[in-house]
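Trainee: Sending over a structure as structure tokens; questions will come in a sec.
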Amino acid sequence: MSIFIGGAWPYANGSLHLGHIASLLPGDILARYYRSKGENVLYVSGSDCNGTPIAIRAKQEGVTAKEIADQYHEEFQRCFRSLGFTYDCYTRTDSEHHHETVQNVFLRLLEEGHIYKKIVEQAYCETCTQFLPDRYVEGICPHCHEAARGDQCDACSAILDPLDLLEKKCKLCGSTPSVQETEHFYFALHTFQEQIKRAVEIAKQTGTWRDNAIQLTERYVKEGLLDRAVSRDLPIGVPIPVEGYEDKKIYVWIEAVTGYYSASKHWAEETGKDDQEFWDSEAKTYYVHGKDNIPFHSVIWPAVLLGIGEEAIPRHIVSNEYLTVEKRKLSTSKNWAVWVPDILERYDPDSIRYFLTVNAPENRDTDFSWREFIYSHNSELLGAYGNFVNRTLKFIEKYYGGIVPKRSIEVELKDKVEGLYKHVGEAIEQTKFKVALETIFDAVRFANKYFDEKQPWKQREDDPVSCEETIYNCVYLIANFANLLEPFLPFSSERVRNTLSIVKRNWEPQNTLPSRIDSVQPLFERIDVKQIEHEIEKLYGAVK
């Protein structure tokens, strides 16, 4: 089976925060899981280096957009590597390859009659002497009357045109813009109305899109899909490949999602492999992002793919809700966020991955609290999983000289483990990652209870054979926990596998166990609860 996984492209205009990771982490869990099943996986993403936020920040700081993009693209790569993300291709939208691919898609849509020219009115700043596309305009949403940008309202998810806003202001200088006529290219989105309607109906029947994606897309379809501009007067971006229009750029909403396609093509060129299998109707596709990106993946990207004759429209849309911090909405402008480079300096990446999975905003907004994060690490990772692994392996090291006693696996435990692979695998494929991880940790708690009830410290003297059976079965559980947890907790899983000298990582029960263990070290370290107060003080102290 061919599995395509696309992770949303973060804007390279500032550091990643935990809200980004909460929405993107499911992609890596899926990629690791499907690879362990032996499926053909292509997992791609990249840094959005053409967006308006980058141009605005560059102008504000008096540097080039490329300098800003370079800085954060490199930082993103370091963060994703440190968190264990296993992208097959992580690229950037200001690359020559991406520009060429996007221009080819634009020309194909133009040739097929899906793009046309139109004279329109657009916001123009007399002070800055330039047209103001999308995020260059801020104001009040006409639908919910909350603060909004010119391209979209985060409060109600409405897709907007800058002229829709009430109380419009230029993002650069704060002036009230005027309105002037200009010519732009438009995408005939309305012609895909029935196909998008059918796609959301299928998703609703099969449960392959998150509820928020279904509800929002149904709303767009009910209101009727409107044609959207595909060109803008922007300082950076992909130039329109039409003579006489080279000074205009392809609008980021169509250019950025085409990054999935350009990354796929780039991967094919780099590896010499054929990527077409990931774009036919048999491919299983997952798109992983936050709810603010829903319309771009449930409406616009499917329409673009259909327009160029590709069949692999998004089958699974994994659109998480928002993550708050200490019960307050994340705000990068106010510095109310937990920044990824910062948290990685002090905490185990598996602790971050664990918390953002069991506390994932899968169907509703959830909160990151330092208290819950640290107590979660100490009680679940250290107290449950780490405790079971260490008490078992230390027992072997102390009483058997590191030699694993060879006995038989209990039928009940074997059935339980086989059931775990089945149920956890099904939950992952259905994008129920929290359920999947909680199912494994239920088994971890069962394993601790098993150890306590068997009392090997007593069996060793009263019934040595039973003691060996207990320990052998505990090693069996540990080997399989490391395997089952690999998509979620790759770093600790690798440490366990190294201790047990296990190389095989297929998604199936590990029945062949090691004959000996080496260098047993604690799987996790306890975090001092005094850190809670320190982290909260640091968070409040950084607020602007």
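In case you wondered, yes, glycine gets a Cβ from its N, Cα and C as well.
The model shown is predicted, which means the values in this text are computed figures rather than measured ones.
In case it's useful when we look at the structure, here is the feature table from Swiss-Prot:
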- C141, C144, C153, C156: Zn(2+) binding site (BINDING)
- T332: ATP binding site (BINDING)
- 10-20: motif ''HIGH' region' (MOTIF)
- 329-333: motif ''KMSKS' region' (MOTIF)
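Help me understand the surroundings of these features in the structure.
Mentor: In the shown protein chains, 23 other C-beta atoms lie within 10 A of the C-beta of C153 (Zn(2+) binding site). DSSP gives C153 (Zn(2+) binding site) a coil state; it is part of no helix or strand.
For T332 (ATP binding site), the count of additional Cβ atoms within 10 Å of its Cβ stands at 15 [all protein chains shown].
Residues 47-49, 51, 53-54, 56-57, 68-69, 71-73, 75-76, 79, 92, 290, 322-323, 325, 330, 332, 337-341, 343, 352, 356, 368 of the same chain sit 6 or more residues outside the motif ''HIGH' region' (10-20) yet have a Cβ under 8 Å from a Cβ within it.
Nonlocal intrachain contacts for the motif ''KMSKS' region' (329-333), taken as residues 6+ away from its ends with a CB within less than 8 angstroms of a stretch CB, comprise 14, 17, 19, 322-323, 544.
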Trainee: When secondary structure is assigned with DSSP, how many helix, strand and coil residues does the motif ''HIGH' region' (10-20) contain?
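Mentor: Per-class counts: 3 helix, 2 strand, 6 coil.
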Trainee: Nearest to T332 (ATP binding site) in three-dimensional space, by Cα, is which of the binding-site residues C141, C144, C153, C156?
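Mentor: Checking each of C141, C144, C153, C156 against T332 (ATP binding site), the shortest Cα distance is to C153.
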Trainee: Relative to the mean position of the Cβ atoms of C141, C144, C153, C156, the recorded Zn(2+) site, which additional same-chain residues have Cβ within 8 Å?
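Mentor: Filtered neighbour residues, in order: P142, H143, H145, E146, A148, D154, A155, S157, A158.
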Trainee: Say we define neighbours as other CB atoms within 10 Å of the CB. Which of the binding-site residues C141, C144 has the fewest?
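Mentor: Among the binding-site residues C141, C144, the lowest count of other Cβ atoms within 10 Å belongs to C144.
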Trainee: Output, ordered by sequence, the same-chain residues six or more apart from C156 (Zn(2+) binding site) with a CB under 8 Å from its CB, or 'none'.
Mentor: C141, H143, C144, E146
